[in-house]
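Under the heading transmembrane segment, TrEMBL lists 6-29, 50-70, 82-101, 122-140. Per TrEMBL, heme binding site is recorded for 8, 87.
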């Protein structure tokens, strides 16, 4: 089970690397001048490839997490697993953030972005907060 846990951590860390960088590409896309078509297309290509790669990392991260959940029998104990329920909520929020990034990329591709580069800079902080919450919940197990 330690191998599964190790792989889970590696895939989660790699997935988050993509979630940290993709909105930075969105910042650059939001700042690109309308006449800079080549730069815009290059950034869109980078964003598409990063989203695809991040999705390929997210799938094993989630599947290995489910394997750990089932393997350790978490959820069977009558008390002391509140941290796990909270972490599952955080995982759902991370998956939602991933989908939001995909939606934002589709808006950029359709030339329908309505957000400023400042908005994307703030949006970029969300995965940092979610990762912090997940790590604290798993390590500290506050409830």
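For all residues, glycine too, the Cβ spot is worked out from N, Cα and C.
Taken residue by residue with DSSP, residue 87 (heme binding site) is part of a helix. Cβ environment of residue 87 (heme binding site): 134, 137, 138 lie under 8 Å away, each six or more residues apart in the same chain. Close to residue 8 (heme binding site) in the fold, though at least 6 residues off in sequence, lie 61, 64, 65, 67, 68, each with a CB less than 8 Å from its CB. Under the three-state DSSP scheme, residue 8 (heme binding site) falls in the helix class.
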